[in-house]
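Written out below as structure tokens is the structure these notes cover.
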Amino acid sequence: MASSASLQRFLPPYPHAAASRCRPPGVRARPVQSSTVSAPSSSTPAADEAVSAERLEPRVEQREGRYWVLKEKYRTGLNPQEKVKLGKEPMSLFMEGGIKELAKMPMEEIEADKLSKEDIDVRLKWLGLFHRRKHQYGRFMMRLKLPNGVTTSEQTRYLASVIEAYGKEGCADVTTRQNWQIRGVTLPDVPAILDGLNAVGLTSLQSGMDNVRNPVGNPLAGIDPDEIVDTRSYTNLLSSYITSNFQGNPTITNLPRKWNVCVIGSHDLYEHPHINDLAYMPAVKGGKFGFNLLVGGFISPKRWEEALPLDAWVPGDDIIPVCKAVLEAYRDLGTRGNRQKTRMMWLIDELGMEAFRSEVEKRMPNGVLERAAPEDLIDKKWQRRDYLGVHPQKQEGMSYVGLHVPVGRVQAADMFELARLADEYGSGELRLTVEQNIVIPNVKNEKVEALLSEPLLQKFSPQPSLLLKGLVACTGNQFCGQAIIETKQRALLVTSQVEKLVSVPRAVRMHWTGCPNSCGQVQVADIGFMGCLTKDSAGKIVEAADIFVGGRVGSDSHLAGAYKKSVPCDELAPIVADILVERFGAVRREREEDEE
């Protein structure tokens, strides 16, 4: 375990770097053929009934001039997480410097005190720190905020230096929200790491528990010849609002549950709007550019729903006021009992969409929320493009190169090399994607061949196999205490086994998640695997997976349905091969050989 005596290695290497926090260029909407907004194929709420004034009374109130807490009369039937929040304000660990004192405490002393034990297991998630009590006791995963998935070589080197210090315990993952998670962190080092993050323009604040997750945007923003709008300015505005410019924003840190937001910038819908609590869909109204809004999309163990139209449009300049209004309506009115029924869609179901919309509208600065534009700018016939490999940018003489990162896992040496490649061949920038891959933008065409010959691209290939290129996997039980099965190595193994059985004519997206929380987003995959346990033919308990089939992304988005339950992992490959033959046009290898 890293010693607190070694804190110096995490201190800011470049004190001036915080000045680089200002974000990329402005918005550019380009005219494209409009298409009508289509509601996702989710069941719509029942017809609105009158909602009582009592039900619309806010359940939280502001205390001490900053923190929002649950009112006394609503404190019955709470879930355990809400009780932890009431026991001590989680944001005080950051906003009042509590983390510095906690970091000095020995683990034995922490364990002996109920509040401090809750601090390391629950409240530190408000600072993006997740104690790996079950699998890496005393070590933490740290999740960052990386709006639009855009990061710099300087930031990447800093993160690499952090995980390098932890040896075999340290590594990093690209997440399904265009983000970094770093592993192996020890508590005594946290204050220095937070300072180091701040110096390079990063934060981990408000990235876990009942907070707004990383704002997602088009990974090709600003370089895509066919983009509708550059999403970077919007996602950076959202991130700045969410964390109040890294200072902490306690008005939205006591939500009933986590909350996801994305801004759509292309016809490809790389951002997966249908599974976000709030999705901004580009649309023009009265000749003015703005966004139609979708709300309520989510994935959870018991239920998954596609986002629904709010029947609302906002000008591009008003993305923050409406985000604030939606969040405050959810914060004020959401229920806090059964944890499986606290996502925002449950509130929409209870109130009805029109009543929910009314609550959002009255929280707008001028009390007005315009009705949706009749058409958005998404081309519903658009074929989703592959960003892996070499592709021309809108900037003449430039290309971007998409690299496949197998199941998103990256080591310190890989990160140092990625930073070097970004500097040597590009503009010092990297883009992370929701499929756990990395894009190097702004590569001069004359440098492309040299980049493709770099040794790292043997590991992070720009041209992976058709089954590997769409492979996504959550952390799994190697590090996550909630995961039922190992996922990352299992995903690679099963894919390798399947590739020996069949040949596919196109990419097939396969997602793995270690438990029903579905961090691996199996419901958006062509074929998904959700971890569980079952008995094999000998009656032995073994790792298994529920299989999902039929998820779609892009202009024809749709969530997958259950196909087969509790299949032992060792028996998955032939079943997956059958699915690929029956539904995806795959050809069995023995047939290929016969034809040759």
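Each Cβ is built from the backbone N, Cα and C atoms, and glycine gets one as well.
Predicted, not measured: the structure shown is a model, and the values here were computed from it.
The region 'Disordered' feature in Swiss-Prot is assigned to 1-56.
Annotation source Swiss-Prot lists transit peptide at 1-28, citing sequence analysis.
Summarising the annotation, Swiss-Prot assigns compositional bias 'Low complexity' to 31-47.
Here Swiss-Prot flags C474, C480, C515, C519 as [4Fe-4S] cluster binding site, drawing on similarity to another entry. The C-beta environment of C515 ([4Fe-4S] cluster binding site), restricted to residues of the same chain at least 6 apart in sequence and closer than 8 Å, consists of P301, C480, Q482, A483, I484, M530, G531.
Marked as siroheme binding site by Swiss-Prot: C519. With a 10 A radius on its CB, C519 ([4Fe-4S] cluster binding site) counts 23 other CB atoms from all the protein chains. DSSP gives C519 ([4Fe-4S] cluster binding site) a coil state; it is part of no helix or strand.
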- Task: Please classify the secondary structure at C474 ([4Fe-4S] cluster binding site) using three-state DSSP.
- Result: coil
- Query: So among the binding-site residues C474, C480, who's got the most Cβ atoms within 10 Å?
  - Reply: C474
